[in-house]
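Below is one structure. I have some questions about it.
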There are 2 protein chains.
Amino acid sequence: MRLWAFLLSVYWVSFVTYFVLWKSYKHVSNLRATARSTPDFKPEEFAVLVRDVPRSSPDETIKDSVDSYFRALHPNTFYRSMVVTDHTKADKIYLEIEDHKKKIARAEVLYANSKTESNPEGIKPTHRTGFLGLIGKKVDTIEYCSEQIKELLPKLEAEQKTTLRDKQQQAAIVFFNSRSVAASASQTLHAQVFDKWTVMEAPEPRDIIWPNLSRNIYERQIRQVVVYSIVFLTVVFYMVPITAVSAISTLENLRKVLPFLKVVVDRPAIKTVLQAYLPQIALIVFLALLPAFLMFLSKAEGIPSQSHAVRATSGKYFYFVVFNVFLVYTLGKTLFTSLRTILDNANIGVIINMLATSLPGGATFFLTFVALKFFVGYGLELSRLIPLIIFHLKRKYLCKTEDEVKAAWAPGDLGYSTRVPNDMLIATVVLCYSVMAPLIIPFGVAYFALGWLIAKNQVLRVYVPSYESNGRMWPHMHTRIIAALLLYQATMIGVIGLKKFIYSPILAPLLPISFIFAYICHMRFYPAFANTPLEVAQHELKETPNMDAIYTAYIPQCLKPDKLEDLDVFEDAQSHSTSRAPSI
Amino acid sequence: MRLWAFLLSVYWVSFVTYFVLWKSYKHVSNLRATARSTPDFKPEEFAVLVRDVPRSSPDETIKDSVDSYFRALHPNTFYRSMVVTDHTKADKIYLEIEDHKKKIARAEVLYANSKTESNPEGIKPTHRTGFLGLIGKKVDTIEYCSEQIKELLPKLEAEQKTTLRDKQQQAAIVFFNSRSVAASASQTLHAQVFDKWTVMEAPEPRDIIWPNLSRNIYERQIRQVVVYSIVFLTVVFYMVPITAVSAISTLENLRKVLPFLKVVVDRPAIKTVLQAYLPQIALIVFLALLPAFLMFLSKAEGIPSQSHAVRATSGKYFYFVVFNVFLVYTLGKTLFTSLRTILDNANIGVIINMLATSLPGGATFFLTFVALKFFVGYGLELSRLIPLIIFHLKRKYLCKTEDEVKAAWAPGDLGYSTRVPNDMLIATVVLCYSVMAPLIIPFGVAYFALGWLIAKNQVLRVYVPSYESNGRMWPHMHTRIIAALLLYQATMIGVIGLKKFIYSPILAPLLPISFIFAYICHMRFYPAFANTPLEVAQHELKETPNMDAIYTAYIPQCLKPDKLEDLDVFEDAQSHSTSRAPSI
């Protein structure tokens with residue numbers, strides 16, 4: 001009787017999950033359509049990103065090649081194009097100038113503050129020109145920096161000219177004079193051969209990873225293979241240190257390994273706390289080191305936009321946490337004793353069996369894991385204690401000008417790349433223990449209910465998004481939740497099978513049902529996420545779009561002439577530079 | 001030493017196959033681009049097939065819905081649309097009229113021939129109106145049929161009106177005023193929701209399967225699942241009778257089962273021939289029964305064009321022959337003895353092992369199989385002996401009019417649906433035995449070399465293609481050849497492994513290499529087969545296309561008014577029928 005209830009609960013949980021997933025996908029899909037059909041125009045809606053631009057002859061510039069190709073294929077709708085340039089050097093000079101400007105602003109504030117009553121002249125701020133301002137000649141900051149800027153500006157101007165003329169890359173952003181034409185062009189195969197003129201929807205200007213745009217298709221493929229091999233190795237071999245942490249971080253082991261801790265560890269109050277939270281804290285600290293590495297790998301793949309790189313990172317991180325936290329922590333205790341068994345019988349049946357045996361043992365650990373995330377994680381998130389401390393320290397000792405204080409206060413982005421996979425891990429844990437240790441459900445519900453309120457508050461009132469992907473994160477999360485559900489269903493078949501319950505095969509249909517559900521969702525909702533439907537792109541605009549503003553939005557900071565109004569010369573450079581000549 | 005040569009040969013054969021496949025794909029791809037960019041226009045290049053048309057309100061016709069939707073999304077390029085109608089009934093009446101016309105023509109010839117010198121009046125041909133012309137009233141054929149036509153014509157006219165107005169289906173063919181717009185529209189996602197307004201390239205007019213166009217997306221999905229289940233069952237359970245044939249059709253068994261054959265079988269000359277060819281003849285006869293069934297299944301899937309249905313049939317048939325001829329015939333002899341072993345250890349290792357053991361035994365069988373196909377098959381193909389006999393019989397006893405003789409002579413289509421998978425089977429057999437029984441190679445080379453000459457001759461001078469798919473069959477064949485290659489490589493690993501040759505794992509990399517090769521080919525060439533690249537569609541036309549002719553090409557025969565010039569009334573019907581009203 002108890003096993004029957006157990007078995008039916010698995011069905012119940014699965015179907016509730018399907019229902020929630022379906023509703024959410026539909027909801028996000030509608031939100032996306034609404035967001036994309038607003039009467040305000042966005043620059044990316046008129047642009048298409050073109051990669052793998054071929055150079056037909058050595059004396060033709062890439063700009064000419066792009067223009068002639070697109071003007072031939074879209075004679076009435078092509079507006080103009082912008083060739084991607086290698087502006088690393090120009091960017092470096094530009095940042096140097098900006099840095100000097102900041103130094104001047106800072107020095108002026110310091111100078112003004114130093115004018116006290118006793119010393120009405122004030123002290124002119126100085127610094128040393130050598131390494132880190134510690135060695136070298138001592139100079140007057142304001143004078144020195146102004147001179148530097150005067151020297152750098154012509155250099156920047158020259159570099160801009162060279163960049164625009166000689167450093168054109170094999171990629172371009174092509175602008176069309178209507179949203180629906182751009183949407184249609186981004187979905188149409190242009191060239192007969194696959195390795196030339198590949199088109200896709202243009203990312204938002206602030207979302208673009210410029211150096212990745214010009215990588216050609218072969219390089220992208222090879223980089224992807226290499227990156228995925230590295231990720232695979234990382235996921236599999238991070239297991240080794242984590243398993244060690246899991247084995248050591250019981251109090252008994254700790255006392256054995258580090259005998260000097262005995263005094264602390266043996267006090268009853270401390271002992272209780274440590275026993276409950278030590279392994280969890282170790283684990284959380286451990287996981288904090290990874291995202292930056294995975295982000296680096298994702299960008300190395302040649303992905304053209306930040307938002308896509310964040311999704312790629314989040315995906316890698318999710319499979320990492322499931323494999324290394326969930327599986328390894330579950331098997332952790334039995335792992336050392338049964339490593340031989342695994343190595344000798346490395347097949348799926350044995351692994352599911354072993355998982356089923358050891359899963360119940362992990363219940364307490366994961367209950368505390370969810371609780372800890374819930375209490376400590378949300379507390380930190382809401383109070384923003386650490387950013388607050390950092391801000392106050394910065395304001396006291398580092399920030400001098402208004403701008404610096406503003407920069408120190410800036411809350412930044414939401415950090416999808418770690419937040420999403422961590423929430424997905426909680427979802428996985430809650431799903432997998434929902435039937436075996438139902439006590440985890442209220443914690444899970446509380447985690448996500450409160451998480452909804454808190455995240456909503458933080459998104460609306462605290463964080464400043466650095467780009468907008470119109471809900472493209474959702475299909476990605478959807479797939480991962482389905483993966484979690486499949487893991488849950490497979491383990492449950494194992495767990496119930498272990499109890500020699502003859503009706504346990506009744507659970508088997510759940511796995512194909514999940515696959516079919518995933519397929520249907522993908523077919524039903526995904527196309528409108530992958531591409532912009534014409535219906536949506538066709539919506540009326542509030543006003544005629546200012547095509548010049550759209551074009552200007554895509555010019556990288558360091559190549560923008562507006563920032564340097566004092567330089568009339570640059571205006572000329574703009575008009576005869578091939579990359580910025582008006583095309584229509 | 002011998003095993004090393006063996007092992008290296010497998011690599012050699014694989015790489016030669018890769019090379020040939022790559023070159024062929026490239027060649028076909030270029031041919032396709034050339035064919036699609038000819039200056040002559042084809043109607044399908046200006047059209048897009050739209051399915052799953054929603055009906056916004058009950059009083060709006062589907063025609064209005066299509067027109068308003070496409071005019072909104074393609075304001076400058078939409079030409080007009082043609083809603084698909086359920087014209088089964090009109091078609092029936094139309095065919096009846098045609099049938100009567102034929103009867104009149106035939107009767108007139110008979111009547112003219114009967115006017116001999118002795119009987120200058122001649123005998124008026126008569127027939128009975130009942131079942132098969134055997135029972136019922138005897139009537140004068142010419143008079144009766146003329147009356148029937150007179151009765152049917154107004155009926156047809158009325159039915160055409162009803163069909164065009166009231167039998168509109170949820171599918172349409174939409175015409176654009178340029179090739180590149182149509183190409184682009186067919187690749188662009190139109191609706192936000194997946195189950196409405198699905199677009200694809202329009203098939204050629206004569207290629208369309210009308211009843212399938214109006215099936216909605218859910219019906220198509222469900223039909224596909226059902227059809228694939230039936231195909232799976234067919235592929236697996238056809239094994240049973242084939243195995244029986246293979247076991248029975250040795251002479252010894254035959255003599256035992258059918259003792260009265262003893263007299264024939266024991267003559268040495270007959271014995272030799274029978275021993276060599278009996279199993280092969282049984283197999284070939286057996287296989288002839290299947291294609292029609294698979295074609296029926298493919299059409300039932302809801303595929304919109306004949307050419308696609310032929311590809312689908314060919315695919316099903318290929319997996320059928322590989323599973324049922326190649327695998328079962330190879331395992332055939334050991335199958336009865338080792339059925340228990342398979343059932344007890346149903347895993348992939350055991351099956352590969354068993355295959356490796358029994359493959360060498362099949363060498364002689366398949367050598368004769370290829371030889372038989374070569375000598376008898378090509379002989380029949382070239383001489384077209386059977387069609388010739390049928391033609392002469394028909395001309396002598398059935399055909400009376402010129403048209404009937406022409407129809408009897410018509411050679412028809414090439415019959416891709418059986419020809420392709422049969423050739424693929426030969427390729428599979430030759431690949432799999434190439435290293436083990438190299439004698440098969442000259443036969444294989446001769447088969448395909450002569451096949452090339454013969455097929456070229458037949459295609460250019462004999463067969464009349466009923467549609468043109470511009471080489472879309474090739475990607476399909478490519479995939480099947482790769483499947484054959486994988487089967488070959490897997491078996492070779494088994495065969496060499498069986499000989500306890502410790503270096504046999506050196507072959508293992510071939511499997512991933514084949515997958516990578518298949519992936520690269522698919523990525524490199526397939527997109528230009530799946531969609532028309534803009535580059536190709538943009539080519540200049542020789543003359544301004546006659547949009548009216550393009551539109552007319554898609555009107556089904558039975559709804560075409562031209563056939564019935566005597567009916568002026570119909571012209572009116574055309575102009576106020578919703579489905580054919582000019583849109584621009």
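The backbone N, Cα and C atoms fix where each Cβ goes, glycine too.
Automatic prediction, not curation, is the source of TrEMBL annotations.
Got these off TrEMBL a minute ago, pasting:
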DOMAIN    A:46-212  domain 'CSC1/OSCA1-like cytosolic'
DOMAIN    A:223-495  domain 'CSC1/OSCA1-like 7TM region'
TRANSMEM  A:6-22  transmembrane segment
TRANSMEM  A:225-248  transmembrane segment
TRANSMEM  A:277-297  transmembrane segment
TRANSMEM  A:317-336  transmembrane segment
TRANSMEM  A:348-367  transmembrane segment
TRANSMEM  A:374-393  transmembrane segment
TRANSMEM  A:424-455  transmembrane segment
TRANSMEM  A:476-496  transmembrane segment
TRANSMEM  A:502-521  transmembrane segment
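Show me how these features fit into the structure around them.
The average pLDDT computed for the domain 'CSC1/OSCA1-like 7TM region' (A:223-495) is 78.
Non-local neighbours of the transmembrane segment (A:502-521) in the same chain are 3-4, 7, 10-11, 14, 18, 21-22, 25, 478-479, 482, 485-486, 489-490, 492-493, 496; each lies 6+ residues outside the stretch with a CB under 8 Å from one of its CB atoms.
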Which residues, given as numbers and ranges, are at least 6 beyond the ends of the transmembrane segment (A:374-393) yet have a Cβ under 8 Å from it?
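Cβ under 8 Å, 6 or more out: 408-409, 411, 443, 446-447, 450-451, 454, 457-458, 462.
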Determine which residues of the chain contact the transmembrane segment (A:424-455) at the Cβ level, with the cut-off under 8 Å and only residues 6 or more beyond its ends counted.
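Same-chain residues near the transmembrane segment (A:424-455) but 6 or more away: 6, 9-10, 13, 17, 318, 321-322, 325-326, 359-360, 362-363, 366-367, 369-371, 373-374, 378, 381-382, 414, 477, 480-481, 484-485, 487-488, 491-492, 495.
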Cβ under 8 Å to the transmembrane segment (A:476-496), counting only same-chain residues 6 or more beyond its ends: which ones?
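Hits for the transmembrane segment (A:476-496): 3, 6-7, 10, 13-14, 17, 21, 24-25, 311, 314-315, 318, 322, 326, 352-353, 355-356, 359-360, 420-421, 424, 427-428, 431-432, 434-436, 504-505, 507-508, 510-511, 514-515, 517-518, 521.
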